[in-house]
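Quick look at what TrEMBL annotates:
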type: ACT_SITE; residues: D248; note: active site
type: BINDING; residues: H14, H16, K100, D248; note: Zn(2+) 1 binding site
type: BINDING; residues: H16, L17, R18, N42, H137, L220, H252, A264; note: substrate binding site
type: BINDING; residues: K100, H137, H175; note: Zn(2+) 2 binding site
type: DOMAIN; residues: 12-310; note: domain 'Amidohydrolase-related'
type: MOD_RES; residues: K100; note: N6-carboxylysine
Amino acid sequence: MSQTLTLRRPDDWHLHLRDGAMMRAVLPATAAHFARAIIMPNLVPPVVTAAQARSYRDRIIAALPDGADFTPLMTLYLTEDTDPADVAAARASGLVHAVKLYPAGATTNSASGVSDFDKVRPVLEKMAEIGLPLCVHGEVTDPDIDIFDREAVFIDRVLDPIRRATPGLRVVMEHITTKDAVDYAGAQDATLGATITTHHLVINRNHILAGGIRPHYYCLPVAKREHHRLALRRAATSGDARFFLGTDSAPHTDANKLLPCGCAGCFTAPNTLSILAQVFEEDGALDRLEPFASLNGPAFYRMPPNTDTLTLEKSGANYPGHIDTEDGPVTVFDPGFDLTWRVL
Ligand SMILES: NC(=O)N[C@@H](CC(=O)O)C(=O)O
Ligand SMILES: [Zn+2]
Ligand SMILES: [Zn+2]
């Protein structure tokens, strides 16, 4: 009989579902495995107001497959015009679970993000007061800063000053990719959390660039050197409550990935749990997959963990190489090794 692993049903604390035909195509993969997900607001146009978040949530729920048990946790896209009162009302109604900060120009659909951080100070102060987390894409956009250094520089120049200026503000460092971020997060109090993606536990920058360019491994923040990947593995498998799963599953059609200037994002929703089980097993930490994927995130977001469970079996993975959408295929992240765990 094959080995099995049962854990509380996981949640995804950083997910891109997009909208329309793409959403209908990718949503089933997440809803099949995850109970809840923090839904990123970087649509075109972005999800800025509570009214927009409510209508996006309704579209997600309408697109769920029959019988699916999945709750989208909505976020608002922070702009320099965001109204603190609208944010507070959206929180009080239970609609919104976080506000997302994109430095303007840092990543996919971030043009409406923040350039002048002083302009969002009233919103951040309101969020600190009501305990609403700020999710941060932590990269500077200064063209003079090397792309591989943008996360570390962001911590010094933007993140730490914001946190010092706004005591009590609860912050999630999203999709961390460096040892610098692991060390920073690990040295803070419980107001700070950090999500780690599946793909950043598996690939380093050689996987993107050595022996030919592999657009499907290109995401932001871009994968770094091997010693950074190893620091992420240690953090994820440590059980430390500050680190939790945010897949950043970010679907783009192959047509949009395979361009002279292709889009950033790895689509990992269909095989994330198979990959994670293998990663944690390799590191002798299978017992810490549950804290990482199912317990630490709810604790940070002050929600109960799920009561139902998910079981994996060590009998070979079952996931498609791509998902078809009305706009064309979306390639599923290839970890580069055979996967041994499947979700039952
Ligand atoms: N991670 C990515 O490379 N892309 C994300 C945006 C983001 O999370 O930065 C996307 O929306 O495609
Ligand atoms: Zn991001
Ligand atoms: Zn993302």
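Cβ atoms are placed via backbone N, Cα and C, with glycine included.
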Candidate with the highest Cβ count within 10 Å, taken from the binding-site residues N42, H137, H252, A264: H252
Tertiary neighbours of H14 (Zn(2+) 1 binding site) (same chain, Cβ under 8 Å, six or more apart): A37, I38, M40, C135, E174, H175, T195, T197, G246, T247, D248
Of L17, L220 (the binding-site residues), the residue whose Cβ has the fewest other Cβ atoms within 10 Å: L220
Candidates near ligand 2 among the binding-site residues H14, N42, H137, A264, judged by a Cβ under 6 angstroms: H137
Rounded to the nearest Å - Cα separation of L220 (substrate binding site) and H16 (Zn(2+) 1 binding site): 13
Using Cα positions only, nearest of the binding-site residues to H16 (Zn(2+) 1 binding site) (N42, H137, H252, A264): N42
Contacting binding-site residues, sequence order - H14, L17, R18, K100 vs ligand 1, Cβ under 6 Å: none
Additional residues surrounding Zn(2+) 1, by Cβ distance to the H14, H16, K100, D248 centre under 8 Å: L15, I38, M40, N42, C135, E174, H175, G246, A250
Residues among the recorded positions R18, D248, A264 that border ligand 3 - Cβ under 6 angstroms, in sequence order: D248
Rounded Cα separation (Å) that holds between K100 (Zn(2+) 1 binding site) and H137 (substrate binding site): 8
Least Cβ-crowded entry, counting other Cβ within 10 Å, from the binding-site residues listed as H16, R18: R18
